Amino acid sequence: MASKKREVQLQTVINNQSLWDEMLQNKGLTVIDVYQAWCGPCRAMQPLFRKLKNELNEDEILHFAVAEADNIVTLQPFRDKCEPVFLFSVNGKIIEKIQGANAPLVNKKVINLIDEERKIAAGEMARPQYPEIPLVDSDSEVSEESPCESVQELYSIAIIKPDAVISKKVLEIKRKITKAGFIIEAEHKTVLTEEQVVNFYSRIADQCDFEEFVSFMTSGLSYILVVSQGSKHNPPSEETEPQTDTEPNERSEDQPEVEAQVTPGMMKNKQDSLQEYLERQHLAQLCDIEEDAANVAKFMDAFFPDFKKMKSMKLEKTLALLRPNLFHERKDDVLRIIKDEDFKILEQRQVVLSEKEAQALCKEYENEDYFNKLIENMTSGPSLALVLLRDNGLQYWKQLLGPRTVEEAIEYFPESLCAQFAMDSLPVNQLYGSDSLETAEREIQHFFPLQSTLGLIKPHATSEQREQILKIVKEAGFDLTQVKKMFLTPEQIEKIYPKVTGKDFYKDLLEMLSVGPSMVMILTKWNAVAEWRRLMGPTDPEEAKLLSPDSIRAQFGISKLKNIVHGASNAYEAKEVVNRLFEDPEEN
């Protein structure tokens, strides 16, 4: 991997308009890598540029530069774009643009333009009159609106209450919001604490039933939504017919959002307000709307502290796979690079591929002579499958991988993972990555199918301990599909603890679980039953402190009976208990 020093020597750094204007004074050809501050220049192309610089040996007429679109007015159309863009400037005029890290095309273009410059200098040809191309990103060319419309975006907060979550109204409410022309900018699923409810609803604290309201709002999951009116908001219609599953205005839950610029003008006209629309749809009792600037800021600080910082980010999941030979010989080297490149490994597992699975992952090679050998190799032993998460993760992983064959990688992308981890056993890339977000979703679901299990926080847990446990659960990658506080009946306890009903301590267990409400949860992720049991730790807190000191029982357990949490023993038991405690348990 090239050092920063070498990169600067090879490419002039342009990070403001003044340096851009200065670059346009260059004589001859300047190849400009236009990049975003959050992802940096396209490192995969730097070996090609170094090769061209050395082989052409034309320092007077061949220059390379990297330009940060964020801080250069001229490059405004390329801001917040994921794909690399390369501009070709000849004597200060931008005459060509190539999108994507297309090494062969860039290589050919540079060689042809330098050949022209040599002939012009030798008097063998007149300078061609190339038209200067407009600096408009292809994604913007079909848009009728300016990408920099100065429209003050307005934000409000929608709080979908626990009873709406339990009754599975969340999806309906979100669809209504987006159907009305509003945009759901961010979403956070949480169990509100008493302190948060008292703080956020201080305006009604003097009402006689406020204590009961606080108890209700802390009894289960709430959804906190950041909603913007958008630059084009059509007044909501009265129609209430159901909408399709497509929600174009709603962002993915994996994508973090941004802190709002709260202004006194945040209150919308009443006829355009989200509050009035939800009232007309008979949903206002299930969803509170907050538009007061100060209160919106409170919610932002509490639930979306990185909202502004993450505004331009695009978190994506992708499937990565190390083929058997690479997994066996250099797994640790690959994992180190993955972490160094700021990927988060959400899940990983060893898997021996079936012939059908191998053929699906190697479809791009099916017409090659070595296809059968490749399938044989792919099914010969365990591969390592990973779910990776990163800003622009899918494209960034594909860029790191490089070409599909070792031959092309070594010639054009010697620093790609394909070239770095080439092996004699196969002429193809030893690593795999999904080719689209749709494919990634399908492949992740195949190799890491979701599973749900029962989680229970016992009555003796304090509110602070419950809050800490929920935080640990989320950080472990579990989705809180459903949560509710409930007083368990003896019949329900018997279902939750089917293996201990005849034990001597069962009476003590019944008594302990009857002293107050338990927090009952449906926890969802891949391999959820085993992962939740691992996170809980051994039944005895003293044993847990020795064997699993970071486990929940080691941190919060008091005794075998009061060991703070419980979980199902197996998938069958989990399904039985969840069905008994939650009617028609499914995610909102």
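From the backbone N, Cα and C atoms, a Cβ is placed for every residue, glycine too.
Since we're looking at a predicted model, the values are computed, not measured.
Annotation comment: Swiss-Prot describes C39-C42 as disulfide bond, evidence class sequence analysis. Among the features that Swiss-Prot reports, domain 'Thioredoxin' is placed at 2-119, with the record citing sequence analysis. The region 'NDK 1' annotation in Swiss-Prot covers 157-257, and the record cites a curator's inference as its basis. If you look up Swiss-Prot, you'll see 230-261 marked as region 'Disordered'. Annotated region 'NDK 2' per Swiss-Prot: 315-455, in sequence order. For 456-588, the entry in Swiss-Prot reads region 'NDK 3', with the evidence type a curator's inference.
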Number of other Cβ atoms within 10 Å of the Cβ of C39 (disulfide bond) across all protein chains: 18
Structural state census, the region 'NDK 3' (456-588) (DSSP three-state): 60 helix, 22 strand, 51 coil
Mean of pLDDT values spanning the domain 'Thioredoxin' (2-119): 85
